[in-house]
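S.K.: I have a structure here, written as structure tokens, and I will follow up with some questions on it.
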Amino acid sequence: MMRKRRPKAHGSSTELSEVTEVLKLKREIGLTSAVSLIAGTMIGSGIFMSPEWVLRNIGSPGGSLIIWTACGLLATFGALSYAELGTLIKESGGEYIYILRNFGSFPAFLFIFTSVIVVRPASVAAVSLSFAEYAVAPFYPGCSSPRLAVKCTAMTCILLLTLVNCLSVKLATSVMNVFTVAKLLALLVIIVGGIVLLVQGHTQSFQNAFQNTNTGAGIIGIAFYQGLWSFDGWNNLNYVTEEIKKPEVNLPRAMMIAIPLVTLFYLLVNVSYFAAMTPVELLSSGGVAITWGHSIYGSCKVPHTFPCSHIHLTGVFHYGYTWKFQPNSEPFQIKKPELPRSYKVPIIIPVVFLLTSTYLVLAPIIDQPQIEFLYIILFILSGVIFYFPLVRYKYHPAYLQKLTLHLQLLLDVAPAEKDID
């Protein structure tokens with residue numbers, strides 16, 4: 001809530017009245033834009049990187065397709081659980097607000113602390129660098145792109161998208177819709193190319209499709225991490241709940257449309273990859289999109305793919321952090337059964353989602369313990385240093401309050417609807 005002083009009557013210079021201006025987020029996101037937001041944030045560089053790493057861990061084409069299907073099913077289960085939460089708690093903020101309402105401020109603060117400091121920036125940086133690598137490559141044919149050029153392009157991309165989102169929700173959704181269509185068209189080109197290859201009899205990769213499949217608990221967990229990197233973004237609609245038209249209707253509908261659609265696209269793209277190359281060729285490609293392009297279009301120039309070792313690490317961090325305190329609708333159904341529900345998910349779905357998430361966090365740690373997992377836990381717990389003085393005991397130095405006020409004015413930040421009196 002912001003307050004301004006203005007003259008009570010025209011021409012008066014002495015009498016001032018306090019007028020309250022309420023800042024509210026406009027509900028401008030309809031069903032089409034909501035579906036586009038989910039699909040647009042999910043579809044990205046992951047589908048051009050992760051297939052190689054899923055195959056490397058699981059060991060077979062058949063196993064890879066099962067992992068991709070299971071990733072889509074898991075994302076759908078999570079989205080359906082979030083849909084109920086989003087229709088119950090009509091506040092923006094996603095996981096943070098759900099953890100806060102279910103479990104209190106301490107786990108909510110730890111989640112947002114790790115998300116803001118590491119998870120979100122690392123994820124945005126990885127995707128931006130990947131985009132920059134593709135964008136810069138045509139200007140340096142036959143050689144590696146200069147790292148400075150790639151980094152500057154990535155920073156420019158982040159700045160432009162930030163400005164677009166700050167200027168207008170309508171403009172942001174329009175840009176998002178355009179790029180979502182472009183990405184879907186790119187995937188359609190790959191899918192059609194794969195169908196043509198299959199019709200021509202390129203089915204070698206699907207003979208003995210499950211040979212050499214790895215079944216270790218930790219290996220399956222890591223393969224899931226690689227696949228889930230491509231599904232990252234299925235929960236983003238819940239971060240803008242207050243901007244959705246009729247969220248009790250459009251939130252679950254958008255999720256039920258977007259995530260199965262993206263899953264189908266991902267499966268068909270992977271089938272196309274396996275039709276264009278053998279598993280050995282895919283693993284040695286260094287960039288599955290490059291090898292696919294050469295297989296289909298011969299010597300056509302295809303930009304190099306950004307190396308994804310850091311992508312794998314970021315993916316582990318993201319799901320490790322997120323599912324460490326992953327909320328679901330089951331606690332709310334038990335703790336708040338009296339709340340009216342316009343949409344109710346079957347209880348088995350959040351239960352399966354919670355158990356699977358727990359497995360994905362614990363299985364790699366138990367199967368292949370590494371010192372990096374300890375670093376993650378220590379970093380999460382380091383949030384305690386800030387939580388107790390700033391949140392628990394409400395120690396707010398004057399300079400922090402001034403900084404917060406200036407940032408709110410600069411970024412035109414509106415308070416959540418529930419906090420407006």
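Even glycines carry a Cβ here, placed using N, Cα and C.
Among the features that TrEMBL reports, transmembrane segment is placed at 29-50, 65-85, 152-172, 178-199, 254-276, 347-366, 373-390.
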S.K.: With an 8 Å cut-off on Cβ pairs and a sequence gap of 6 or more, do the transmembrane segment (178-199) and the transmembrane segment (347-366) reach 3 or more such pairs?
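M.R.: No, since the transmembrane segment (178-199) and the transmembrane segment (347-366) share fewer than 3 Cβ pairs closer than 8 Å, they do not count as touching.
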S.K.: What parts of the chain pack near the transmembrane segment (65-85), using Cβ distances under 8 Å and only residues at least 6 beyond its ends?
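M.R.: Distant contacts of the transmembrane segment (65-85): 38, 54, 58, 98, 209, 220, 223-224, 227-228, 230-231, 234-235, 238, 251-252, 255-256, 259-260, 262-263, 266-267, 270-271, 326-330, 332, 341, 343-345, 349-350, 352-353, 356-357.
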S.K.: Excluding the flanking five residues on each side, which residues at least 6 beyond the ends of the transmembrane segment (254-276) place their CB within less than 8 Å of a CB in that stretch?
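M.R.: Here the qualifying positions are 31, 34-35, 37-39, 42-43, 47, 51, 61, 64-65, 68-69, 71-73, 75-76, 79-80, 82-83, 184, 187, 190-191, 193-195, 197-198, 202-203, 205-206, 230-231, 234, 237, 282, 288, 291-292, 295-296.
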